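Asks: Okay, here's the structure, questions in a sec.
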Amino acid sequence: MDGILAAVPSAVCVSLRISCRNLDNAESIYHFPGKSLNRVSVLQTGNYVSRKGNSLLKNRHCGEISRVIVKSAASSVGNAEDYAEETATSVKFKRSVTLPGCSSPLSLLGTGFREKKFAIIGVKVYAAGYYVNESILSGLSAWTGRSADEIQRDSSLFVSIFQAQAEKSLQIVLVRDVDGKTFWDALDEAISPRIKSPSSEDTTALSTFRGIFQNRPLNKGSVILLTWINTSNMLVSVSSGGLPTNVDATIESGNVTSALFDVFFGDSPVSPTLKSSVANQLAMTLV
């Protein structure tokens, strides 16, 4: 409890003292004409009270205000530590999540957003958060001490992350209404050119992927999880709001899963802000 109280901003405490002091002042201001000695508290809503009763009521009320403010402030401090905000879209991502199909919790490594250009106007479509199993970081010691710029330009680091035999996931949160077919067409437009000679396995995987979004409205707040279980298998989960709890489909194609990873972390990522954020976090972590 002491730690929680210590975390309450001083401005809140000052505000609390001022609020209770104002109750004292209010007692000398709010009274009935001709009966200046019979003061009535501004807290009173219908019944007269004595000055003694009024004092007790005021003290109890101030105590209740104190408890509520402390509880609220402590809760806000705790909640703020549990989330990271993607500032361009104001979407908040949990720092640690347990996702469907994953064997252990994943940790947030970076956030960004996807912007689509219409003529010269950029329209934000979704925010994205990238999560990894923390065991992946132990395999990146070769990049210890590198700057964020060096990490971002080094494609071999991101290849190492993709090839690591541990789960990683991309959480996409729509910030505007999008038709499912439109979303898939944009994704397929980025994936297909990265697969030079699609095999029957690739074609089947792309068909499965497409089927998830056909005739499916993706309203603002919808969440899509793209979870790489390994280099050849990826889970896709969709919900209309909040983290999905079930797996909608499994994509079984190494070419498709690697192409999708390259869409976000290759040399020409669809969300430069996401890749930059991940690089910055890695630079701070790999020290």
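In case you wondered, yes, glycine gets a Cβ from its N, Cα and C as well.
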Asks: Would you mind telling me which one of Ala73, Ala259, Ala279 Swiss-Prot calls N-acetylalanine?
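Replies: With Swiss-Prot as the source, N-acetylalanine is noted for Ala73.
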Asks: Tell me the Cβ contacts of Tyr126 (hexadecanoate binding site) under 8 Å, same chain only and six or more apart in sequence, or just say none.
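Replies: Listed in sequence order, they are Thr89, Phe113, Arg114, Ile172, Val173, Leu174, Val175, Val178.
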